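Right, one structure below, let's go through it.
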Amino acid sequence: MNEICIHGLGIVGLVQALKLCEDGHKVALYDINSETKESISRAKIPFYERDIEGLLEKYLNQSLRLIDESEIANYNIHFICVGTPSNSNNTVNLDHLISSIEGIEEKGIKNATLVIRSTVPPNTITELTHSKNSFDNIIYFPEFLRQGSAWKDQKDEKTIIYSVNRGCDSTFKGLFKEGVNFKSIDTKSAEFLKYANNTFHALKVTFINELSSLADAMDVDFKEVLDLFTSDTKLNISKAYLSPGLPYGGQCLTKEVKALSKISKLQSIQTPLISSIEESNDEHLQRCIESLKKYESAGFIGIGFKSNSGDIRNSPVLSILNALTNTHYFHPVDHSTMIQAKKHLSIESLIEFSKVIIISTNDLSLEDWEKLFKSSRDILISSTKIKCPLPNYKPRVIGETKR
């Protein structure tokens, strides 16, 4: 059994900690944010992510415990899962990562293993750790979790992609149960892979929204086209991120598309396709806003940046709510101080005050759908991933003008 310290208790860090507990390890949790620690101490996750609150209750104060900075020196395996947000010029802000690495080294720990999960540009790990002599082993272990399904992604991970920046990987490999495949690659390749993945996902979102808008303007049955297009898994790969609807948002795709575009400029490499992704995404957001201006009032059920997420950072729904007048929303997480819209505590109240309702969650009950169906309101869905359980009711996707 290994004793491990997790630095950074956002989605990546907390989900990683819970998975390690499930695999039989003792795990310490450390974060500089006092509100985050206080919330976790009560077994309440400080963000919305399905499936993990029960696990936190199960393991907290058993194989999982919060620690103070003074206790960091007691651990020899350190996972760094801190955020790397965008700076105002779209470069990557490494302050939290640098602070975490230096904080561990200052404790005078000998023979430590450092596992970095934070998303960083190529060559960052080598530059940040070349003079850090406390660490015998430095591993870069990029994360590929999706908000809203992070626990499932972590639990179902069958291939561990990682790089050894220094030392060996025996301690790292020993953290996983048997049956996991390991793929060791160059550190710069591992760093670049995360940007490649998320930029491609963003490209798919903008691509499918452009096609959907064009098909709508030409009266093409795009559902029929899409069914056939996504059924070709030999050439078109998969259906993932090919669901017409709202533009992409959130932290990862947004910041990593910006970062990769900035990295290209710094390398003096022209990447017009990558550089145009954000422009196309913004253009589609404006189409969605324009399509709702004909309504006297608009209400959203769910305001996360995507279905099944409570995260409103860079949420296209938030952008729409703040761009229109007389807007309303119903959402389980209270962000009312951040939104220029009226919050409602029930779907019935939202229906009363909204002429059009846009559904951005798959968490509605059959009873909720029936209430919406029986109302006199126009009902839209934020994406074709939103599934209506009523057999004869097919809501339009936001942004569509013809059907």
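Cβ from N, Cα, C; glycine included.
Those TrEMBL annotations? Automatic predictions, nothing curated.
Remember, predicted model here, so these are calculated numbers, not experimental data.
The domain 'UDP-glucose/GDP-mannose dehydrogenase N-terminal' annotation in TrEMBL covers 3-166. Annotated NAD(+) binding site per TrEMBL: Asp31, Thr84, Thr119, Lys255, Arg313, in sequence order. Annotation comment: TrEMBL describes 188-282 as domain 'UDP-glucose/GDP-mannose dehydrogenase dimerisation'. Marked as substrate binding site by TrEMBL: Lys194, Tyr241, Leu242, Ser243, Pro244, Gly245, Gly249, Lys306. For Cys252, the entry in TrEMBL reads active site, nucleophile.
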Across all the protein chains here, work out how many other Cβ atoms are within 10 Å of the Cβ of Asp31 (NAD(+) binding site).
21
Work out, from DSSP, the number of helix, strand and coil residues along the domain 'UDP-glucose/GDP-mannose dehydrogenase dimerisation' (188-282).
66 helix, 1 strand, 28 coil
Here are the binding-site residues: Lys194, Lys255, Lys306, Arg313. Which has the lowest count of other Cβ atoms within 10 Å?
Arg313
Just checking, which of Thr84, Thr119, Ser243 (binding-site residues) has the fewest C-beta atoms within 10 Å of its C-beta?
Thr84
Consider the recorded positions Thr84, Thr119, Cys252, Lys255, Arg313 and say which one has the Cα lying nearest the Cα of Lys194 (substrate binding site).
Thr119
Measure from the CA atom of Cys252 (active site, nucleophile) to the CA atom of Ser243 (substrate binding site) and give the result in Å, rounded to a whole number.
18
Starting from each candidate's C-beta and looking 10 angstroms out, tell me which of the binding-site residues Pro244, Gly245 has the most other C-beta atoms.
Gly245
Of the binding-site residues Asp31, Thr84, Arg313, which one sits closest to Leu242 (substrate binding site) when you measure Cα to Cα?
Arg313
